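Novice: The structure that follows is given in the form of C-alpha cells.
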Amino acid sequence: MEFAAENEGKSGGGLHSVAEGVRLSPEPGREGVRDLAGAEEFGGGEEGTGLTGIKEIGDGEEGSGQRPEEIPMDLTVVKQEIIDWPGTEGRLAGQWVEQEVEDRPEVKDENAGVLEVKQETDSSLVVKEAKVGEPEVKEEKVKEEVMDWSEVKEEKDNLEIKQEEKFVGQCIKEELMHGECVKEEKDFLKKEIVDDTKVKEEPPINHPVGCKRKLAMSRCETCGTEEAKYRCPRCMRYSCSLPCVKKHKAELTCNGVRDKTAYISIQQFTEMNLLSDYRFLEDVARTADHISRDAFLKRPISNKYMYFMKNRARRQGINLKLLPNGFTKRKENSTFFDKKKQQFCWHVKLQFPQSQAEYIEKRVPDDKTINEILKPYIDPEKSDPVIRQRLKAYIRSQTGVQILMKIEYMQQNLVRYYELDPYKSLLDNLRNKVIIEYPTLHVVLKGSNNDMKVLHQVKSESTKNVGNEN
C-alpha cells in the first residue's frame, strides 16, 4: 500500500510540474492567453468541468486561422474525457478515502493537487489529454492493491480460525507457517492420556468388619491372580472361585457365617450395622418365644426327669447314660420321651469322615429307619443341593456306605465300632447297646481304607487265630 501511494504521489507531482512549466504563447488573432480564472468567466461560473469556457475559446479560435474541421473532432474527445473525469475522480476519492485516508492523509493532498493542476491548465488539448489519461492508471493500481490487501486480511483470519479450532479440539495439525512444518503431536498426547488413566495396583489391605469396598477393585486374597467375586461374611476375605473359598476356610478354620456380635467402633458404625443389630435382637426374641411355647423345654430338667428317661430307655433295652450338668454333650442333648406316642425323639449326630462334614438331626423318632434318616443327605434326588455338593463323594460311590457306632466303655487303646443295619429302625439298632446322652453315627464308604475296626471283624479274626493254634 505504501508503494502504491508513493507511485501515485510521484505521478501527481509530475503533472503539476508539467502544468506549471507550460506557458502557452499567444497565437495570431487572439488577444492573450486565458488562465483558469478567465476560463471560469467564459464558462459562466461553473466549477469542476470548465466545459462552457472551452466552447468560448473554440469560438475565438475560429478567427485565428486554424482549421475548422480538426477542432470539432478534438473537442468531442476532450468533452467525453472531461465529462468522465468527475465520475472517475469521485470513485477514486470514495475508495481511497474509505480504506486509506484515515491511515495515510498524504494521498488526499495529492488528489487536491491534481484538481488544482486541472483548473490551472490552459486550454491546450495535448496537456488535458495527458492529465485525463493519468488517473485511469492510478485507479487500476489502487484497485489491485486494495484487493491484495483484503486477501491478506482473509488469509490472516483463516489462520487465526484454524489455530482456535486446533486448541479447542486439542488436535495439532500439520500447517506451513513461515516456511516451517509443524509436526503432529497426536501420538504424544494419546500416550500421556493412557498413562494418566492407568490404575496403580495396590497391595491388598485387610479392612475392618463393616467396611465397604468394591469387588472390582480388589484381587483374590487366596490365589492373588484372579479378580475377586465373593467375600466371606465372617473374615471379610475376598475370593475368586469355590476352590479358593474352601481353601481359605480350611486355612483359617472359618465357617463362613457372619459374626453378628463382632465389635464395631463408633466411627465405623453405619445404618447397615444398626439394622443388623435390630434383626439380631428380633432373632433372640423369636428364639425365646419359641422356647417358651415348647412344652418339653419349658422347665429345666430335674434329677427326677433324668431318672424317668433312664427307666424308659431300660424298658426298651437301651442302656442310657446321662452326664452331669455343665458337660458339652449334656448341653447339646435335646432327646426327650413323648408320652402320647410312647416313643423316644432322639438327638442324632451324623459324621461323614470322607467329606469332613458333620450334621445334627433333632427330634428323630425311634421308629424311623436309618436310610430315611440319611436320605436328605446322600440321596441323589431328594438331598439338599448344598449338602449334596459337599457330600458328592458319598453320592457318586457305587459300593455304598456303612453306618457305624462307637462302642462305649472300652479300653482307651481299643476303639471298636458297631455296624448298624440301615434297613432297621433306630430303636432296633440301639437295643442292647450303651448310649451316652445321644447316639453318634459314623457314615463311611465301603471298602475305604480306614482305622475303624468293626466288632464282628474282630470276633472273626479271633476265631481264626484260635483255629490256627489248635
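Every residue, even glycine, has its Cβ placed from backbone N, Cα and C.
This is the feature table in Swiss-Prot:
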type	residues	note
BINDING	C220, C223, C240, C244	Zn(2+) 1 binding site
BINDING	C232, C235, H248, C254	Zn(2+) 2 binding site
COMPBIAS	41-51	compositional bias 'Gly residues'
CROSSLNK	K79	SUMO2 cross-link
CROSSLNK	K108	SUMO2 cross-link
CROSSLNK	K118	SUMO2 cross-link
CROSSLNK	K138	SUMO2 cross-link
CROSSLNK	K143	SUMO2 cross-link
CROSSLNK	K153	SUMO2 cross-link
CROSSLNK	K162	SUMO2 cross-link
CROSSLNK	K173	SUMO2 cross-link
CROSSLNK	K183	SUMO2 cross-link
CROSSLNK	K200	SUMO2 cross-link
CROSSLNK	K459	SUMO2 cross-link
MOD_RES	S25	phosphoserine
REGION	1-70	region 'Disordered'
ZN_FING	220-254	zinc finger
Novice: Starting from the Zn(2+) 2 site formed by C232, C235, H248, C254, give every other residue of that chain whose CB sits within 8 Å of the mean position of their CB atoms, in sequence order.
Specialist: R234, M236, R237, S239, V245, K249, L252, G256
Novice: Taking DSSP three-state, what's C244 (Zn(2+) 1 binding site) in: helix, strand or coil?
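Specialist: Reduced to three states, the DSSP call for C244 (Zn(2+) 1 binding site) is helix.
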Novice: Looking only at Cβ atoms, how many others are within 10 Å of the one on C244 (Zn(2+) 1 binding site)?
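Specialist: Other Cβ atoms found within 10 Å: 22.
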Novice: Long-range same-chain neighbours of C254 (Zn(2+) 2 binding site), Cβ under 8 Å, sequence gap at least 6?
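Specialist: Result: C232, R234, C235, R237, H248.
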Novice: Given the binding-site residues C220, C223, C232, C235, C240, which one's Cβ is surrounded by the fewest other Cβ atoms within 10 Å?
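Specialist: C223, out of the binding-site residues C220, C223, C232, C235, C240, has the fewest neighbouring Cβ atoms within 10 Å.
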Novice: Limited to the zinc finger (220-254), I'd like the whole-number average of pLDDT.
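Specialist: Value for the zinc finger (220-254), mean pLDDT as a whole number: 89.
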Novice: For the recorded Zn(2+) 1 site, enumerate neighbouring residues of the same chain (Cβ within 8 Å of the Cβ centroid of C220, C223, C240, C244, site residues themselves excluded), in sequence order.
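Specialist: Residues close to the Zn(2+) 1 site, other than C220, C223, C240, C244: R219, E221, T222, G224, T225, E226, A228, Y238, S239, S241, P243.
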Novice: According to DSSP, how is the zinc finger (220-254) divided among helix, strand and coil residues?
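Specialist: DSSP classes over the zinc finger (220-254) add up to 11 helix, 5 strand, 19 coil.
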Novice: Counting every protein chain present, what is the number of Cβ atoms, excluding its own, within 10 Å of the Cβ of H248 (Zn(2+) 2 binding site)?
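Specialist: Its Cβ has 20 other Cβ atoms within 10 Å.
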